Amino acid sequence: MTKMNVSLPGLEMKNPVMPASGCFGFGKEYSEFYDLSTLGAICVKAVSPMMKRGNPTPRVAETPGGMLNAIGLQNPGLEHVLANELPWLERFDVPVIVNIAGNTIEEYMHVAREVSKAPNVKAVELNISCPNVKEGGIAFGTDPNIAKELTERVKDVSGVPVYVKLSPNVTDIVSVARAVEDGGADGLSMINTLLGMRLDLQTGKPVLANETGGLSGSAIKPVAVRMIYTVSQEVGIPIIGMGGVTNADDALELILAGASAVAIGTQNFVDPFACPSIIKDLELKLEHYHVETISELSGRSWRPSLQPLTTR
Amino acid sequence: MKKVEKMTVVSHRSIAKNIYECSLSGELVELMARPGQFVHLRVSDNTIPTLRRPISICSVDHQKNAFTMVYRVEGIGTHALSQKRTGDQVDVLGPLGHGFPISGLKEKSHCLLTGGGIGVPPLYELAKQLTKQGHSVATVLGFRSKEDVFYEAEFSELGATYVATEDGTLGERGFVTDVIATNRLSGDRYYACGPRPMLRAIENNMTIPGFLSLEERMGCGVGACLACVCDVKNEEGYRKVCSDGPVFKAGEVVI
């Protein structure tokens, strides 16, 4: 047990840092830069029952402090992932979380049942928050009753703990969080991207072929902090925090807000070494603030009994 | 093999309207083998702009451990890049992508190189490597206007070079395809890099085997984010411009 260990349902993590779904493929590209075993966990790209082609290009557009994407859950499908991607990841000593997308509750159940049989898959993450597909995705994440039912039915068939990735594109995120907790969710991932749009001044038309896209990057960090701060006080299940984390200070902020672990998204594109360098810097931060274990920082912002961080 | 390195600007100058030529030195140059590969540059230490900028490699000097890139200032990223001075450091990720294949040609082949606008630079290292191997090249360079033209002299040293401008202010008036048709240019193989309509026209008109280098908006540059995909002809799959390309065999992907 070191000060960086984090223990979450299904996930015994060496440290609290993982790449976020959709920002790391299935790990192969970044394995050319560093040993993936150094990560706390890996959350792979969304997997749907059948191959998904995704949206037309252009699929990305830049914004100040962030980017919009509309990939549209492109993925090679369940069978390919089971046969190729997950076995390939077995060479690394790292728990794998599979993000799941579906058009129907049955599709989510089917993928969860099958991927949770893979030896290195330690948790699934239900994607009920992708803003870039017409069916499935966010349709499940904006109605608390549907979100709860989906969680219950996936819990029935999944062999591993179930995390639910919440959308920030709702009026009341607490009610969705409570609903999935009632449905038996083992944890929450929050937040997914914020729905946004950019127009090309020369053409007067949307920059993205899909017209709208999901906003990510440091621009959304304050939204993530606020939502994690609020939800973590209302639920009893742990939160994997994400949204605009670019460095160890950002990671620490999400943890103080109430997250137990942190996922890195867009920053992987900016710096292929984002995850390992944040892990290294986080460890230095703990020394700097004289903190024994990283887990004691979770939710410290709203726990009245605890003293503020100090470098005494 | 690719890596990230803070490379040093050894020269930087404007060579045409909004076009800059920048040379960078560092160990990463050792990894640059094939013409047509690109680098992904971080132009700012803060979050504006957020993403890196893909820029093609124009020429490589292994003796000096330096490479040259030629780019057009189009937005805040390339503008920030244009402000770098000699001695400044630039965060470079690369070399990325698969470049132009130069193997498989019979001895002393003749190759036709066609570049449009900012598609011209990667053809320069290609022309150097082809001629070094004993092949001959003819190059057709297309620009909008006289003030946009660059590297005509550099290409002329390596082989016959034709310039086309849309407004006729330099070289032949019209598109690169007009120049190819008028001069009945051909060879054993063609290579092209430029805007999609140009690539489409060339692919449709040429009857010899060829390779096309594509441009697309990118997120990661290494194949993880799936921002820059293109469809494959005659099958269900897709290719990633950054990691499967940017160079594809003519006829492989939908342009």
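Heads up, residue numbers simply count up from 1 along the chain you see.
Just so it is clear, glycine is given a Cβ too, placed from its N, Cα and C backbone atoms.
TrEMBL: automatically predicted annotations, no manual curation.
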Record-annotated substrate site (TrEMBL): member among A:LYS45, A:LYS148, A:LYS205, A:LYS221 besides A:ASN69, A:ALA70, A:ILE71, A:GLY72, A:LEU73, A:ASN127, A:ASN192, A:THR193:
A:LYS45
What does TrEMBL list, out of A:SER21, A:SER31, A:SER295, as binding the same FMN as A:LYS45, A:ALA46, A:ASN99, A:ASN127, A:LYS165, A:ILE191, A:GLY217, A:GLY243, A:GLY244, A:GLY265, A:THR266?
A:SER21
Would you count the other CB atoms within 10 A of the CB of A:ALA70 (substrate binding site), including those on all shown protein chains?
29
Assigned element (helix, strand, coil) containing A:ASN127 (FMN binding site), judged by DSSP:
strand
Any idea what the Cα distance is from A:ALA46 (FMN binding site) over to A:THR193 (substrate binding site), rounded to a whole Å?
14
What's the CA to CA span in angstrom from A:GLY265 (FMN binding site) over to A:GLY72 (substrate binding site)?
16
Please tell me which one of the binding-site residues listed here (A:SER21, A:ASN127, A:GLY243) sits closest to A:THR193 (substrate binding site), measuring Cα to Cα?
A:GLY243
Would you kindly give the Cα-Cα distance separating A:ALA70 (substrate binding site) and A:SER21 (FMN binding site), rounded to the nearest Å?
14
